[in-house]
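**Student:** Right, I'll just put the structure down here and ask away after.
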Ligand code: NAD
C-alpha cells in the first residue's frame, strides 16, 4: 500500500500542484527526462512487471512483454521521437481586418495535475500509456492502478516512485473508497479506463470541479464476416484477437455476425484455429491466460448456455480457467448478447445479409471497435459509412490500437476522447489561441 495513513489525497494533490505551479514540469527537458526514466523502469524491471502480470492474469511472459511492457516502450519512443514537433506552435491565418502585421498561432499548454484511473485487464499498459501522454504534455500526474490486479498494482506502486520525480508523479493504490476520495479532489483532467457505470461516477465527480474527462470504455465490438472471405485466415486472426488475455481485452471481437452458410463453414475453421494456437488442451498451454477473479468466472460460466458449444466449453473454477469457447446458433436475445462478454466466449449470430448486419450493429450501443472481413469494396465502404464505432479494423482485430499515429478511443457508450501518440498530447494539453498585433 501507498502509505494512505501518511498522505491523504488532498495532501498529494496539493503537493503535486505546488510542483506544477513552480514550473518544474513544463520544460521539454523535464518531460523527456521523465519519459526516459519510465523507459528505464520498463527495461530494467520489466521482469518484475511480467511476473506480476502472470500472478494476476496468468499472462505468459511473451504476452506480458508484447501487450504491456514493449507496447509502452514503443509509445515512449514514438513520443520521444516526435514530441518537439507535436508541441511546435501552429500558425493560423489572420483575417484581413486585423491588418497585415498581425499574426496568430496555437500553443500547447500543460493542464496542471491530472488523474489516471486504470483497469485490471492490461493493468500496466492502461496505466502507463496515458501517463506517457500526461508527462509528455508537462503535467503532474496521480495514477490509480486497479485493485483487481493487486500484484501489478503493488509493483507499479514500488517502481514508479523509484524511477520518476516523486514531487510530480504519485501512485495511489486502492479500490472504491480510495478512488472516491481521490475523485473528491480537483484535478485538471481525469483519464478513466473501465466500464460505463463507473465512467458515469467519474464524470459526475468531475462535473463538480468542471474537470474535463476522457472515458475509455468498452462494449460489444462486432465482427462482420462476408461471404467468400478466406475463412482459414479469418478464423486464425479472430482466434488470436479474441482469446488474447483470455478474451479480457476492451477491443476484443465480441461476437460474429455472418450469413448462415458462412457461419456453418466458419465454425469448423474456428475449431481448427483454436487447436492450432492452444493445442487440444488449452489449460496446459503456457500462452493461454486465466480469468481475473471468481466473480467474473461465475459471470462468464452463466453465459455458456446461450448457444451450442462448437469449441471449448470446459472450465475449472479453482484455476479460473475457461477454455477458448465458440458458441454457434446464438439467438440475439440470449444472455451472451446482452452485455460485453469480456472473456473467452465467441458467439456466432447468423443474419441474412449485409443490410441486416448493419441494422443489427446500429440497433445497439456504438461499439469501441468494429471488425470487417470482406474483400468487397462496396461492403467495406458501406460498413464504414453506415455504422459508428470508436475504431474500425479491416481484416485484423486489435491491431489498429498499435498504430501510434491513430487516435484510440470510443464514441457514445464506448467512451469519449482519445489518446496515443500526438492524440495524447491533444488530450493532456490546452490548445491556447494566441493573437499578436504589434503596437507600432
Ligand atoms: P476495474 O473494475 O478495474 O475498474 C476500473 C477502475 O475503476 C479501477 O481503478 C477501479 O478501482 C475503479 N473503480 C471501480 N469502481 C469504482 C467506483 N465505484 N468509484 C470510483 N472508482 C471505481 O475495471 P473494469 O471496469 O471491470 O474494466 C473492464 C471494462 O473496461 C470493460 O468494459 C472494458 O471494455 C473496459 N476497458 C476499456 C478500455 C479502453 O481502452 N477503452 C481498456 C480496457 C478496458
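Just so you know, glycine gets a Cβ as well, placed from its N, Cα and C.
Curation plays no part in TrEMBL annotations; they are all automatic predictions.
The following feature annotations were taken from TrEMBL:
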- 12-434: domain 'Aldehyde dehydrogenase' (DOMAIN)
- 216: active site (ACT_SITE)
- 250: active site (ACT_SITE)
**Student:** So what pLDDT does the domain 'Aldehyde dehydrogenase' (12-434) average out to?
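**Tutor:** Across the residues of the domain 'Aldehyde dehydrogenase' (12-434) the model's pLDDT averages 98 on the 0 to 100 scale.
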**Student:** List, in sequence order, the same-chain residues at least six positions removed whose CB sits under 8 Å from that of residue 250 (active site)?
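**Tutor:** Correct list: 121, 193, 216, 217, 218, 368.
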**Student:** Hey, what's the Cβ neighbour count for residue 216 (active site) at 10 Å?
**Tutor:** 26
